[in-house]
């Protein structure tokens, strides 16, 4: 039975779920499967194209036109990690604040699914970059300060109902990464994927990551095993979608959104 959060004031009629997807876990395939199974849901993907083509401004615009920030971050992580994490988190916030598409009167609110959230941005990717030495202590402190401030100010507008954690071994993720052959990711090694896997496990399964909002401690998490090649296995697809559906039904019935409450924030 899926775990659900506490009910209470502020609960919304449409669960808002970010799948937690380690790099190259098969997220595009999974999101396409969600869209085909639940066409009424609202799926929000990562703006990878924006990261690959950041427009320059001023005098630099004529010289370079645009910059591939994703590639720059992978090539020089010590130089560009803070810039990339700031830009990517801003994009995720913008996506969360976008109103869902209009629906016919009388129809239920759709489930909203975000490919990644501002929480995985902080507790997985930015945290890992800091622990790997690519974010300086001052940069990490500044990141955490504005991240916490923005979420506290946004309150219910940044609310989430739960998380979908797609779990696969780092070795499987590396194989899938090599198959998709994204040019910016050519230098990614197994060690990096192992680090991301560990960050997800610490946060979502072991609950040992120090989180900064009380409600995040009890975040409902559905762990989905996607180590098998579910893209071509209809039976496995059916099992995964049934688990997701049961999870969202439980959330609709009982869960309140996870809200960064300024009165319940924990010290960093």
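Note: Cβ is positioned from N, Cα and C throughout, glycine not excepted.
Predicted automatically and left uncurated, TrEMBL annotations should be read as such.
Here is what TrEMBL records for this protein:
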ACT_SITE  115  active site, proton acceptor
BINDING   46, 74, 85, 116, 121, 185  substrate binding site
BINDING   176, 177, 178, 179, 180  ATP binding site
DOMAIN    24-247  domain 'Deoxynucleoside kinase'
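For residue 178 (ATP binding site), the spatially nearest entry among the binding-site residues 46, 74, 85, 116, 121 is 74, judged by CA separation. Summarised as a single figure, the pLDDT of the domain 'Deoxynucleoside kinase' (24-247) averages 88. Cβ contacts within 10 Å of residue 121 (substrate binding site), excluding its own Cβ and spanning all protein chains shown: 22. When the binding-site residues 46, 85, 180, 185 are ranked by how far their Cα is from the Cα of residue 115 (active site, proton acceptor), 46 comes first.
The two recorded residues, residue 116 (substrate binding site) and residue 177 (ATP binding site), show a Cα separation of 18 Å.
When the Cα of residue 185 (substrate binding site) is compared against those of the binding-site residues 176, 177, 179, the shortest separation belongs to 177.
Most buried of the binding-site residues 178, 179, judged by other Cβ atoms within 10 Å, is 178.
When the neighbouring Cβ atoms lying within 10 Å are counted for each of the recorded positions (46, 115, 185), the highest count belongs to 115.
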